[in-house]
Amino acid sequence: MGMLVDGVWQDVWYDTKETKGHFKRAASQFRNWVTADGSAGPSGTGGFKAEAGRYHLYVALACPWAHRTLIFRSLKKLENIISVSIVDPLMLENGWEFKNRDGGSVDHIFGANAMWEIYTRADPQYSGRVTVPVLWDTRTGTIVNNESSEIIRMFNSAFDSLTDVRLDYYPDPLRTEIDEINAIVYDTVNNGVYKSGFATTQDAYEEHVQKLFATLDSLDARLGKSRYLVGNTITEADWRLFTTLVRFDAVYVGHFKCNIRRIEDYRNLPGYLRELYQVPGVSETVNMEHIKRHYYASHKTINPTGIVPMGPALDFNRPHGRDAL
Ligand SMILES: N[C@@H](CCC(=O)N[C@@H](CS)C(=O)NCC(=O)O)C(=O)O
């Protein structure tokens, strides 16, 4: 674990001293958008037109944020349009590295050893965390964007003229409702598990775990009445929740101490999770070995031995029973 300071890699853990034990996630810094015609998107500058073979995605299979982008790449059938490099699950003193083993790959663009090299190629003076996902532009040689919530929006629509997939996970009439639920899920669930697990005071931990389970309880109730989070089709809001839910019982319950309940203990969340997992193209993006190994073996301040637990036995292929709704 570490970060870049003025383009130089430093091995440091998250500093929670100034925030009274609370983990604060820094904002992503590269915010340009790939668009259908190359015009500027909601932030940043233009010049990034959707083209086959031009963009490259850097991901960790372990990472719930990067996982979103892999799901959208798969659902929108962008596999032949956007290539991918996969980092090793262990994130230690050099941060994310390319090891080309057990489901991880080399860096297909530069043959870099570590992810920070990609950041300094984009900005030799970059200061900040070196996170995945990263969407790289091979044409201009820079990072287009390193914010997963924006990369999935690009994948959802910018490349539509290059494929025959017309699925829209962020349809106009549902946007307000999707944004509302995203805000709650982001703060208390997606980031809530990290705020719980990375807390370094009892008070900070308890505050975030309580908020996390308050939201899970209300989502479970909501999913008793409605098959999906917003409307009667799968939307972006469901995929954003999915990547946290699929890691929950295997990692967040134990490693991050989010253990008031398991997802399996709920009435509606387990079937909902299984239905999303069983959508064609999704299960291939879930790699439980990378997920468990990353968290348990990388965060030495939380789990100094690095032992990865063998359980729990999970089967997301069981019938989901959600058709009744
Ligand atoms: N806001 C970013 C967050 C990405 C993120 O934090 N990724 C984690 C992996 S799960 C990471 O790369 N962390 C490295 C670090 O913080 O140094 C996004 O959603 O794209």
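Note that Cβ sites are derived from N, Cα and C of the backbone, with glycine treated the same way.
Per TrEMBL, the features are as follows:
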- Cys63: active site, nucleophile (ACT_SITE)
- Tyr194: active site, proton donor/acceptor (ACT_SITE)
- Trp96, Arg129, Val130, Thr131, Val132, Glu147, Ser148: glutathione binding site (BINDING)
- 171-295: domain 'GST C-terminal' (DOMAIN)
- Tyr252: site 'Lowers pKa of active site Cys' (SITE)
- Tyr295: site 'Lowers pKa of active site Cys' (SITE)
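Annotated features, which come from TrEMBL, shown on the structure.
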residue : record                               : Cβ neighbours (10 Å)
Cys63   : active site, nucleophile             : 25
Trp96   : glutathione binding site             : 29
Arg129  : glutathione binding site             : 18
Val130  : glutathione binding site             : 23
Thr131  : glutathione binding site             : 23
Glu147  : glutathione binding site             : 19
Ser148  : glutathione binding site             : 27
Tyr194  : active site, proton donor/acceptor   : 17
Tyr252  : site 'Lowers pKa of active site Cys' : 25
Tyr295  : site 'Lowers pKa of active site Cys' : 24
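Separation of the C-alpha atoms of Arg129 (glutathione binding site) and Tyr295 (site 'Lowers pKa of active site Cys'): 17 Å, rounded to the nearest whole number. Neighbour count (other Cβ atoms within 10 Å of the Cβ, all protein chains): 25 for Val132 (glutathione binding site).
Closest by Cα distance to Cys63 (active site, nucleophile), from the recorded positions Val130, Val132, Tyr252, is Val132. Among the recorded positions Val132, Tyr194, Tyr252, Tyr295, residues whose Cβ is positioned under 6 Å from ligand 1 are identified as Val132. Distance between Cα atoms for Trp96 (glutathione binding site) and Tyr194 (active site, proton donor/acceptor): 18 Å, as a whole number. Averaged across the domain 'GST C-terminal' (171-295), pLDDT in this predicted model comes to 98. Nearest in space to Ser148 (glutathione binding site), taking C-alpha to C-alpha distance over the recorded positions Tyr194, Tyr252, Tyr295, is Tyr194. Comment: glutathione site residues Trp96, Arg129, Val130, Thr131, Val132, Glu147, Ser148; largest CA to CA distance 17 Å, whole number.
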